[in-house]
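Swiss-Prot lists HIS63, HIS92 with the feature heme b binding site. The domain 'Globin' feature in Swiss-Prot is assigned to 2-146. The N-acetylvaline annotation in Swiss-Prot covers VAL1 and rests on similarity to another entry. The phosphoserine annotation in Swiss-Prot covers SER44. Annotation comment: Swiss-Prot describes LYS59, LYS82, LYS144 as N6-acetyllysine. Annotation source Swiss-Prot lists S-nitrosocysteine at CYS93.
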Amino acid sequence: VELTAEEKAAVLALWDKVKEDEVGGEALGRLLVVYPWTQRFFDSFGDLSTPAAVMGNAKVKAHGKKVLHSFGDGVHHLDNLKGTFAALSELHCDKLHVDPENFRLLGNVLVVVLAKHFGKQFTPELQAAYQKVVAGVANALAHKYH
């Protein structure tokens, strides 16, 4: 990911304030509500029949936290995203057969959730930096598909 030193510092500073459980659950939940076809990868999660059911689902929240923890690993290894996400890329490609477009969608949803949680702190400049990061993570996760 091509970030300036200032962008990297800003991304890391905000990430240190992110509550992975809250933001992760909300981001994954929103992905499943806004893009309902993504629910097919989560058959074992129980009731996903309504937006309220999705957003209140304990398995969605738990997996969202796990996803965000992995994303945080990427934030702390911006110079080696492909290496950081190699195993997850292989898992999602070979075993789970997840459409790599879903990584881009989740990244964009994550930016929305960060904006919601951080309000004015999430400046347009910070959003631009995070868009670069989520694009880089999505690309790294899609790496094994190429």
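Every residue gets a Cβ built from N, Cα and C, even glycine.
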Per-state residue totals over the domain 'Globin' (2-146) - DSSP helix, strand, coil: 119 helix, 0 strand, 26 coil
Length of the line joining the Cα atoms of HIS63 (heme b binding site) and LYS82 (N6-acetyllysine), in Å: 21
Nearest-integer angstrom distance between the alpha carbons (Cα) of VAL1 (N-acetylvaline) and SER44 (phosphoserine): 34
Those residues of the chain, 6+ apart, with a Cβ under 8 Å from that of LYS59 (N6-acetyllysine): PHE42, SER44, PHE45, GLY46
